[in-house]
Amino acid sequence: MNGAEKSAAGDTYDPSTIPDYDREFIHPDDLRQFELALTDQGASPLVALNDWRPIYQRVRRERGRRKEPRRTKDETREGVLYTVLKWPFLFTVFGWITALAFAYTLTRVYIFLYEQWVTWRGRRQSLRRQLHAQTNYPDWQKAARALDDHLGNQRWKEIDEYAYYDHLTISNLVKQLKKVRREVERERREKRRGSGQSPAAEELCTLLEACVKNNFAGVENPRLYSEAYSGTKNLVQEYIDELHACIQLVADSKGITSEEKLQHFKHLDTNFGRTALCLSGGATFAYYHFGVVRALLDNGVLPEIITGTSGGALVAALVATRTDEELKQLLVPALAHRIRACQESFPTWVWRWWRTGARFDTLDWARQCSWFCRGSTTFREAYERTGRILNVSCVPSDPHSPTILANYLTSPNCVIWSAVLASAAVPGILNPVVLMTKKRDGTLAPYSFGHKWKDGSLRTDIPIKALNLHFNVNFTIVSQVNPHINLFFFSSRGTVGRPVTHRKGRGWRGGFLGSAIEQYIKLDMNKWLRVLRHLELLPRPMGQDWSEIWLQKFSGTVTIWPKTIPSDFYHILSDPNPERLARMLRVGQQSAFPKLQFIKNRLKIEIAVVKSLQKFAHAGGRPISPAPSRWRQNNDPDNHYNPSPRTDPLNERLDHNLPERRGDNVNITFGEGGGREDTHLLDGSLSENSSNESAARPSSSSSSSRLLRVPEHRRGSTGSSIFEEVRRQSAVFFDDVDMYGDDEALRPG
């Protein structure tokens, strides 16, 4: 390492190099308003027994009056058999789950030893060590290609045929796209435009509308990227590159009018969908997200839509309120000097826990969190500053109320740091908090009638359905660091960028017997937890149903699992020092490297479509975004693109492309738990505040109308299979989407 490299490495540990390191963004009045909202219990009116008796008259209790039924008894409809069998059955099942957990541990140890002694030996082991030692993506790619050459994976790439995608359709489509693209280029050279119409360009648009769709012909199947360390089939890569070239050619073509291009790219955008980065909870394990974000940022594939829960919400807030240049200076080991949430001594937090039931002080966390959120920044202000769409999952303190996904559509004036605190309020760690809203004069007030919220990981760690509903997200990049989930992660046939090396990719991890035992034990534990939940036998410590921390979906289209170490569990509620944060940054980046090629191919098409859509929306005088897109900003140095901040891009796109609401065919969208999906704007606590909200938020009629639309596959069900209809009706009867084990189980094929 030369002198310049040593100096650069030293700067990453120097806190003075961090932007706004010494700046406190939050105003003291904001904290005082937050403190008042936390202590306000709500006024309860005094009610007399009647008009002439005193209020506090002494009233004798009637004898023989039946006691009011307890809530738990009323909910579970307890009877004699329930009372007699509940605890014996509960202890029996817990005993069996404990035995299964012990057997699962032994199975994983067997698989680990099998892979070390049978699979990873000799030359392949040395190449694997070189791969894991790389700290930047170009060097990692070289090491991955060397390992693929040794294992014979390069030959697999050269063979078009594969069971998990339609190679014949893709092969023919590549030939057609190339042929039509050459014809368009020839017409441009010969200037045969006539009246401005180009038959070849129109034919190319027709081809693009047919194939620019989510997972068209299976080209986005993760299995296509799970057979090699570097990349995918050569045919798939050729198809992605050709598709990108054709999209750019249509955008630059003068044989199509701007209005036609605008409509064309609107259709492509709706059909292809959007990509979102989802950051899970996991206490201080969430600091691995910094490395994942840094890897995506350095390679230009950081999505605009970001969601976070609990600890992941803090990372998401930092990313969504900073520009790319600021993030590159922030995501360094010196950032550890600003992470001071757990700096109190052991006697201090024990005494607080004894008095309040929570280990940490809410006001202190609000002060610390505000720096990551740039003070009392709202969701809309963050969107207007960076072009990124921040989403934070929050769960109401009432176990029966629906969860919310706070963003610039559902809660535009909600203060980000209050939502981050609510999403991190784990019972026993932090008490439920009140969301705060910023009024027109800049002061803060309680949001949603002062209701309190808590940790989003308890019910919706990865809000995939809400993201799809709000932003048409159908491709999710999940960074999963929950410690209780990482222990059970196992991919028997390999995962993206990490193929099974046993039998040259055709085998199973640990052999077929080891993988079969692992799957059986894991599914059996999941089954018994569901039985306990559906029979309402599980106790509710702190008034919370804790079964969802195991039974919800924790993965996405691409799931990144940073590799943790045992000491992370010891430091699960302590601040990292710069050395520990440097290791977490490095591990987070290395865990993202195998997934980058898959993500690059996806965003290569998405970015081309979105940039073209914004270009022609601006040219046609129809802006689609209240703030310039990040991708648009990077390619518009003069900042000519400055649309109105009142216009809502997603509402316009959805209202234009989705079918209009019809009088009699009204269908309300329901969430996973059978209740109504909560996509409404949070209600203000004051009438004045409500008027301010309505003036600042985007068109609420468009947002609410999306709740009452009839999905396309529900109209005209005559063409649907009778078996699909029986399955849907059965799911409605049993009220359990999870019985199919797939979020798409209720949708017809």
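Placement of Cβ uses the backbone N, Cα and C atoms for every residue, glycine included.
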Q) Which one of these stretches, 1-21, 64-84, 169-189, 253-273, shows up in Swiss-Prot as region 'Disordered'? A) 1-21
Q. By DSSP, how many residues in the motif 'GXSXG' (308-312) are helix, how many strand, and how many coil?
A. 2 helix, 1 strand, 2 coil
Q: Looking only at the motif 'GXSXG' (308-312), report the model's average pLDDT.
A: 91
